[in-house]
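According to TrEMBL, the feature domain 'Piezo transmembrane helical unit' maps to 28-148. The feature transmembrane segment is assigned by TrEMBL to 33-60, 72-90, 289-312, 332-351, 360-382, 394-414, 426-442, 462-481, 502-526, 714-737. Among the features that TrEMBL reports, region 'Disordered' is placed at 149-174, 197-220. What TrEMBL lists as compositional bias 'Low complexity' is 207-220. Among the features that TrEMBL reports, domain 'Piezo THU9 and anchor' is placed at 287-524. Marked as domain 'Piezo non-specific cation channel cap' by TrEMBL: 639-801.
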Amino acid sequence: ELEESEKFYVGQPRVLLLIYALYNTLVARSEMVCYFVIILNHMISASMITLVLPILIFLWAMLSVPRPSKRFWMTAIVYTEVAIVIKYFFQFGFFPWNKHVDYTKDKPYHPPNIIGIEKKEGYVHYDLVQLLALFFHRSILKCHGLWDEDEKGDSSSNKGDTDDELSLTGGRRDSSASLKSVNLAASVESIHVHFPEQQTAKRRKSSSSISQLSHRSSFSSHRSKREQILDTYKNIIHITLSLYFLQCKLCVTKSHCGLCCFRTLQVYVPIRQFFYNLIHPDYSAVTDVYVLMFLADTVDFIIIVFGFWAFGKHSAAADITSSLSEDQVPEAFLVMVLIQFGTMVVDRALYLKKTVMGKVIFQVILVFGIHFWMFFILPGVTERKFSQNTVAQLWYFVKCVYFGLSAYQIRCGYPTRVLGNFLTKSYNYVNLFLFQGFRLVPFLTELRAVMDWVWTDTTLSLSSWICVEDIYAHIFILKCWRESEKRYPQPRGQKKKKVVKYGMGGMIIVLLICIVWFPLLFMSLIKSVAGITNKPLDVSITITLGGYQPIFTMSAQQNQLKSLDPNEFNDFLRSYRGNTAALQFLEGYAREDITRADLEGNSNSLWTISPPSRNKMIQGLLDFEADFTLVISWTIQRTLEEVYPYYIKAPSDSLAKPIKQLLRDCKWENITVSLVKNTSEEWWVLNQLGKRQKTPQESLELFIFSDKVSPPSLGFLAGYGIMGLYASVVLVIGKFVREFFSGISHSIMFEELPNVDRILKLCTDIFLVRETGELELEEDLYAKLIFLYRSPETMIKWTREK
């Protein structure tokens with residue numbers, strides 16, 4: 001029957017098998033489903049009621065060894081049920097705060113919103129899903145006999161316990177026991193006193209015996225002494241705590257203060273013992289999830305950079321580029337970046353020091369601090385509820401992933417040895433390119449090297465440490481290339497395949513060509529493809545005769561600046577048919593780039609001039625043989641020939657120029673200038689003769705061709721211009737490319753190494769003896785490594801093929 005059942009199961013459709021596999025995954029990780037639902041409920045509700053369980057998850061459930069106890073799950077179930085009842089009770093309309101729900105629902109500091117008892121639609125949906133997930137997990141534990149395992153394990157060891165006597169037998173405290181019967185076995189039995197191991201291995205003269213180093217003899221010789229000392233300290237702690245608890249219980253009947261003291265100890269001792277067992281475990285399943293924690297912090301860092309506006313006022317800039325282009329650093333962005341970067345540095349220090357106690361303290365501070373800031377401070381800063389801040393919700397969810405990984409690291413313990421970079425664990429193309437990308441990030445390699453030197457026990461100086469790191473990185477890269485040559489060997493005497501030549505060489509050729517011509521392509525495409533029309537907002541004309549007062553000032557705005565309709569634009573193009581220079585110029589402009597400005601012919605200001613100056617100007621104008629300096633050559637009471645620029649080009653800079661290609665025979669337009677008198681006032685009137693729009697009143701017509709400008713987001717790059725881009729981008733990149741292609745002859749001795757296994761092993765031995773505390777041997781091995789790079793003959797012997 002079992003064979004038939006197996007055949008029936010295998011013969012099912014793949015979709016059904018996938019559903020079975022997903023269900024089995026759900027059952028195997030049912031506690032993670034509960035955690036996810038609890039965190040999701042808190043992200044949606046964001047209240048004090050839902051805040052309790054996420055904190056308990058990160059500081060109790062995920063830190064429990066080997067799994068959360070029955071007490072935690074019962075606490076979560078009962079707390080969820082009570083929360084549902086409380087929320088239901090406060091949905092009635094007779095409460096005062098439920099009468100103005102529409103007015104107070106978006107206020108972050110409204111007390112019902114903070115507590116979580118506000119009236120709203122779907123107030124209990126996520127709580128019911130959370131309760132369903134908790135019951136589902138409980139059913140899974142019951143099916144596997146894990147629900148009552150704590151009671152079974154403690155009932156056998158505590159049969160002789162009474163209410164008046166404290167048991168000193170082994171085993172942990174019953175998770176379902178009441179606080180009244182404090183089990184000192186849990187508070188005493190798992191206490192360990194750690195002593196620093198003595199350095200028993202003396203310095204070895206020969207470095208070739210590093211791989212045979214062992215502390216077995218040292219450990220075996222001192223093991224019995226350590227166990228005797230530990231047993232002695234355990235007995236002392238047993239007796240001291242037993243006497244203290246008996247004294248407290250005797251004080252209960254004498255004074256109320258003694259009762260309070262005993263009740264406090266009943267709460268304090270289990271919590272203290274929980275964290276003590278966590279820091280000093282009997283057995284430790286060592287693991288290393290620092291890389292995953294670092295990636296989670298990196299994702300949070302990216303979220304802050306690209307969504308920092310969500311952590312400040314609503315009036316903050318929408319993106320970081322617009323703020324930085326104005327040389328402004330938002331305060332919210334600065335604070336968030338510094339806090340995030342500071343936590344990453346502290347986490348790195350704890351990882352290098354391998355201190356579980358420091359990690360526990362950091363976890364507690366970070367959990368309380370993040371939750372207090374995100375749900376009580378941030379809503380006041382942003383003036384909106386956390387449930388309405390999508391970016392903050394995403395940041396908090398990633399931070400919860402970090403909290404889970406951090407709790408797993410605490411529960412399992414830090415690794416005994418931290419050797420090299422996590423990217424150097426394998427020798428393939430993926431690790432090679434990721435490691436080289438890691439080294440290209442500015443200041444990341446240097447910062448990591450300095451932090452590792454500060455928080456690692458070593459006798460090397462900082463310069464020597466950096467030298468070892470650089471040699472190790474160089475040898476790792478060579479090892480990856482040698483492994484790739486072994487996987488994909490090139491037969492002797494055969495030319496390179498075209499796939500390799502055109503694949504690698506062609507890609508490099510295309511890349512170099514793109515770098516060389518990048519500024520031209522960028523400046524050409526940025527305005528033609530991504531450019532936006534920059535129409536004028538004001539067009540002003542001022543005419544001055546000689547050094548006298550301006551005779552005419554006029555400007556056009558708003559309705560006086562008009563765009564050409566399609567028919568006018570087509571007529572405009574047809575009028576220049578056959579004019580090659582004009583058509584070539586018009587190729588770069590579309591209809592929306594042209595603006596026609598209609599200027600009133602009457603000056604908008606009176607002509608104020610003194611009578612002596614007026615007489616001198618008249619005399620100068622009547623003398624046709626003498627030169628009369630004008631801004632534009634004007635004559636009074638007659639036509640001004642070829643002085644008016646009918647077409648003007650408005651480029652991206654501030655200098656506007658006339659367009660000679662569109663002027664007939666390269667001649668400017670003619671205008672008439674007349675002086676009008678009205679009793680004691682007088683002004684000038686100008687009129688253009690050859691206007692496209694035939695209007696009876698005196699007026700001037702002007703066509704403005706506006707060049708497209710780069711979008712605001714790329715203005716910081718396009719503002720440098722072609723020459724600026726060549727100087728800042730192409731030349732800088734060219735310098736690095738030139739370094740790659742030149743100076744190769746000077747590094748042949750260190751690049752062309754056939755076999756780097758021995759050198760790589762020597763670097764690894766330096767890391768190993770450093771972790772084991774053999775600092776004198778570390779100095780010897782470092783001296784050997786330096787001597788190896790100073791001696792070409794020795795390097796040749798060490799790098800020969802086996």
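Just so you know, glycine gets a Cβ as well, placed from its N, Cα and C.
Comparing 72-90, 394-414, 426-442 for CB pairs under 8 angstroms to the transmembrane segment (289-312), the maximum falls on 394-414. As a quick check, the transmembrane segment (33-60) and the transmembrane segment (332-351) miss the bar of 3 or more Cβ pairs under 8 A, pairs 6 or more apart, so the two do not touch. Here the transmembrane segment (394-414) has Cβ contacts under 8 Å with residues 35, 39, 43, 54, 58, 62-65, 278, 281, 284-290, 292-293, 296-297, 299-300, 303-304, 307, 351, 354-356, 359-360, 363, 366-367, 370, 374, 386 of the same chain, all six or more residues outside its ends.
On the 0 to 100 pLDDT scale, the domain 'Piezo THU9 and anchor' (287-524) averages 83 in this prediction.
Note on the transmembrane segment (360-382): residues 46, 51, 54-55, 58-59, 108-109, 114, 275, 278-279, 310-314, 332, 343, 346-347, 350, 389, 392, 396, 399, 403, 406-407, 410 of its chain, located 6 or more positions outside it, place their CB under 8 angstroms from a CB of the stretch. Here the transmembrane segment (72-90) has long-range neighbours at 34, 38, 49-50, 52-53, 56, 60-61, 64, 98, 112, 116-119, 123-124, 127-128, 130-131, 134-135, 137-138, 141, 176, meaning same-chain residues at least 6 beyond its ends whose C-beta is under 8 angstroms from one of its own. Mapped onto DSSP helix, strand and coil, the domain 'Piezo transmembrane helical unit' (28-148) counts 82 helix, 0 strand, 39 coil.
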